[in-house]
Amino acid sequence: MKDKGGSRAAVDERYAQWKSLIPVLYDWFANHNLVWPSLSCRWGPQFEKATYKNRQRLYLSEQTDGTVPNTLVIANCEVVKPRVAAAEHISQFNEEARSPFVKKYKTIIHPGEVNRIRELPQNSKIIATHTDSPDVLIWDVEAQPNRHAVLGATESRPDLILTGHQENAEFALAMCPAEPYVLSGGKDKSVVWWSIQDHISALGDSSKTESSGASGSKQSGKNANDKDSPKVEPRGIFHGHDSTVEDVQFCPSSAQEFCSVGDDSCLILWDARTGTSPAVKVEKAHGGDVHCVDWNLHDVNYILTGSADNSVRMWDRRNLGSGGAGSPIHKFEGHKAAVLCVQWSPDKASVFGSSAEDGFLNVWDHEKVGKKKNPNSPAGLFFQHAGHRDKIVDFHWNSSDPWTIVSVSDDGESTGGGGTLQIWRMSDLIYRPEDEVLTELENFKAHLASCAPRS
């Protein structure tokens, strides 16, 4: 964010202003400093419920400089329940410190750096990762042995290797909510589709044989591991992009329907039942590379795309004519740099988040477009998370804990390098219906008045 967000002084000033507002804007907030950048952050399963907080797995990675191995990190996160945390406490944290709410639980030594992590929605202890290679790696994280990440340690062995790309597939990755299917896109301009149905039941049995200590032998981990990990061939390979595929997503209700976006500025919808050519292709979805796409869980007609043109666009798949016709229902313009990640809220059908290289995570409600009250704020924007001081590379809504988001930034040297992980929940006064909120505030005011000492 050296130039994109203005000078470092301006960023620091903006950050200080944001930090002073934490008690007003947030119900809960946790800041966790990462020594190494993580390009992905994802929620795993919730495994413990208590009175004031729940415990849940969190998936991260460590993108190192080669002095220690690249790792996939499984952490335990304590998620404080709504209206529990004291306002004055959540803003008292040290940017350089780790959060007491995030504890490393297990380390997997990953073959290459982890570019993206995606969990299987039906069974979130099974995850897929992308690295700088053509393969997709599948991990049963509970069955994987805990490893000690020291230089020369043998790489952990993936539970499955999904093959089919001809060139590196680094970012585009999705797992299907309906059935255990996986989708990937790569530099070979193709979208590759697998079923891991037959392998899911076998996972967890095969991976307990490896010793959990770091091996002293310096043999090439890749070669040692390849022969052990079962390989899965694709169900289909889909061609239609003219450049690198940047992101892919399943239709939430079907393993046979999916979409993809890429550096050719296209949005393509696919239907595996009708062949491997595009079902619908929107030629100029944006005025730049399209980095991300998401499909609405609650209304499968709606699709979001985010782009290097700084905008987020919302599409209705019923209005996507073939031959490149079809215009977005709305363009959301509030970011000042390339949009890297978009995701619909699991809690409210009309709400979504977008994060960008400008260091902001914006939360929008498309139903608020046209009902704009503030002429200075972009249509549909109702919350801006300004806690990161560099580009936000990934974020994930928590489906087990409404309105709770984990976000991660890749911090440049100016903010000490490494990364910043933040877990936060905006105050419910911000998103609840206005009349409900006003009633609550009036009641609170009356309550305060009744508590006041009588003169």
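Note: Cβ is positioned from N, Cα and C throughout, glycine not excepted.
The feature compositional bias 'Low complexity' is assigned by TrEMBL to 204-222.
What TrEMBL records for 224-239 is compositional bias 'Basic and acidic residues'.
Feature annotation from TrEMBL assigns domain 'Histone-binding protein RBBP4-like N-terminal' to 13-80.
Residues or ranges marked as region 'Disordered' in TrEMBL: 204-239.
Annotation comment: TrEMBL describes 238-280 (among others) as repeat 'WD'. Sequence-distant neighbours of the repeat 'WD' (238-280) (same chain, 6+ residues past either end, Cβ-Cβ under 8 Å): 169, 171-179, 181, 183-187, 189-193, 195, 286-297, 300, 303, 305, 307, 315, 317, 320-322, 326.
For the repeat 'WD' (283-316), the number of residues in each DSSP class (helix H, G, I; strand E, B; coil) is 0 helix, 18 strand, 16 coil. The annotation repeat 'WD' is assigned in TrEMBL to 283-316 (among others).
Residues or ranges marked as repeat 'WD' in TrEMBL: 332-365 (among others). Look at the repeat 'WD' (332-365): DSSP puts its residues at 0 helix, 19 strand, 15 coil.
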Using DSSP, how many residues of the domain 'Histone-binding protein RBBP4-like N-terminal' (13-80) fall into helix, strand and coil, respectively? 12 helix, 37 strand, 19 coil
Count up the helix, strand and coil residues in the repeat 'WD' (238-280) according to DSSP, in that order. 3 helix, 20 strand, 20 coil
